[in-house]
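> Structure below; questions to follow.
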């Protein structure tokens, strides 16, 4: 409803209420006082017989008579009984008899005037209830209704052409849309329409965008709702809303129902703490029944999205409810290149902006990250009063997205600046001289976020996609993390070592313990996984992880972790000691320029015959 229509509706309602109030006031407070005197029937007959009355006006139904007042005042009113001798008495005494004609208009007017106020009150109450039912402030009569947004002719302004970098997921949903448009081509071969598609992937990979594209392409009614909109504070509301949603969907079949963040209502049953669990389970049970229960729902396709498939109930995940599970993962290099092309539309880019280079520098970025990256670059260009976005703004935006904005107003003393420079130079130098490790992308001692300085590495595309990390890579990772702490020890002495490496030490301890207890990379303990990994209690898992090893094994684990950390420490220290001159030069450049990129670092290493780290 438009704002003008809503305005006129409210004005009409207020006018109706004003009329009701005025009518009640006029009926109860402005009623005229009764000034006509009455005369009893006996006195009336006596006066007629005494020849004191010469004229009488009878009503049409002969129930009342009006008698002239001798004093000249208003006539007397006489209520007449059913007396058949009355006319004879009047004629015997020569009384002039006049009968008032019967008026139909007066009869209907009396009926209308009698019913006017009750009808007006009923109409006013009806409109008040209608407004309370549809208004945003009071939902007392609408709790059981579904809150799904319905688009009979989808106008999301998003098509599959706007979705890039996730071709496999797009193919799966394109087939679903094709099934809705050309069902005969599939049914002739005996194929059945899939009942549900579950989109699974990390946040920001484009799951909701895919659903919008389906709405834009399908040409069928599209219902969209969030999983959190089912359950309210009242018992039974969630199940009622599920029923209402599917009743609307069945009435508009074929159609698509999109449930975003389905993990809010589809979590595992029978686990967790708290009193709200039963209501959520009741809602989930109703959802399971509607999706594939005793009654079918032919023509309704459920598309759901979640980034927590591990907490979903197994009954919800089975074929027949969600026939397809589409993984929407982080895009690879080619996917990032396509996504950057899509988000670069409408932005004025300089000639030096290389989208290929940006795509290579951003492994692990999702579609939302890349969109935010170009938007931050555009904001920086506008802040600097530029007419186009250059590569400098893009580079600054990458740093801003990864580590937060620069803290240019923070003044660093020369001593602290030198300390941070050596710390970051230690990380970078060890990383650059470790065999088969991620290349250094950038070194900076400009404070960002909670960090005093940062060293960026470009992760390997293959390692990120496969999730497979070798033993040598993990050992190199620990050595690189220890490089900053060791550089402080070499330059300033063990007594001047700071707490700046606390996060690095936590990372080293975590990697070493995982190598021993999860990955079986301990020579002493062998290829075994120790310690049963359990999830949180609210995710439907055990309250605590079980310890499935003895105290002696725990002591051996601690010894192995300490040995791995010590080996990484010795390797990193050897690299920095053998390349002490390069370490000093790199720190001096950082103090002077505050930022060193990968090209400058490679030039420095090549000109000084850097010595690589020894293999383990």
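These residue numbers are counts, starting from 1, taken along the chain as shown.
Cβ coordinates come from backbone N, Cα and C, glycine included.
Grabbed the feature section from Swiss-Prot, which reads as follows:
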ACT_SITE  424  active site
BINDING   201, 202, 203, 204, 205, 206, 207, 208  ATP binding site
BINDING   423, 427, 504  Zn(2+) binding site
TOPO_DOM  1-9  topological domain 'Cytoplasmic'
TOPO_DOM  31-108  topological domain 'Lumenal'
TOPO_DOM  130-616  topological domain 'Cytoplasmic'
TRANSMEM  10-30  transmembrane segment
TRANSMEM  109-129  transmembrane segment
> In whole Å, note down how far the CA of residue 504 (Zn(2+) binding site) lies from the CA of residue 201 (ATP binding site).
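So the alpha carbons of residue 201 (ATP binding site) and residue 504 (Zn(2+) binding site) sit roughly 29 Å from each other.
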> To the nearest whole angstrom, state the Cα distance for the pair residue 208 (ATP binding site) and residue 427 (Zn(2+) binding site).
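Computed Cα spacing between residue 208 (ATP binding site) and residue 427 (Zn(2+) binding site) is 39 Å.
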> Starting from the Zn(2+) site formed by 423, 427, 504, give every other residue of that chain whose CB sits within 8 Å of the mean position of their CB atoms, in sequence order.
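The surrounding set, listed in chain order, is 424, 426, 455, 481, 482, 483, 484, 485, 487, 500, 501.
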> Rounded to a whole angstrom, what is the C-alpha distance between residue 423 (Zn(2+) binding site) and residue 207 (ATP binding site)?
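Cα-Cα, rounded: 41 Å.
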> If you count CB neighbours within 10 Å, which one among the binding-site residues 202, 206 has the smallest count?
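Among the binding-site residues 202, 206, the sparsest Cβ neighbourhood within 10 Å belongs to 202.
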> Look at the recorded positions 424, 504 and tell me which residue has the greatest number of other C-beta atoms within 10 angstroms of its C-beta.
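That would be 424, with the most Cβ atoms nearby.
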> Output, ordered by sequence, the same-chain residues six or more apart from residue 205 (ATP binding site) with a CB under 8 Å from its CB, or 'none'.
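In sequence order, 166, 328, 329, 330, 331, 366, 367, 368 meet the Cβ cut-off.
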> Using the CB centroid of 201, 202, 203, 204, 205, 206, 207, 208 as the ATP site centre, which other residues of the same chain sit with their CB within 8 A?
305, 307, 328, 366, 367, 368
> Once near-sequence residues are set aside, which residues in the chain of residue 204 (ATP binding site), 6 or more away, have Cβ atoms under 8 Å from its Cβ?
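Listed in sequence order: 366, 367, 368, 369.
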> Who sits close to residue 207 (ATP binding site): which same-chain residues at least 6 apart have their Cβ under 8 Å from its Cβ?
199, 200, 201, 305, 307, 328
> Rank the binding-site residues 201, 203 by the number of other Cβ atoms within 10 Å of each Cβ, and give the residue at the low end.
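So among 201, 203, the binding-site residues given, the one with the fewest Cβ atoms within 10 Å is 203.
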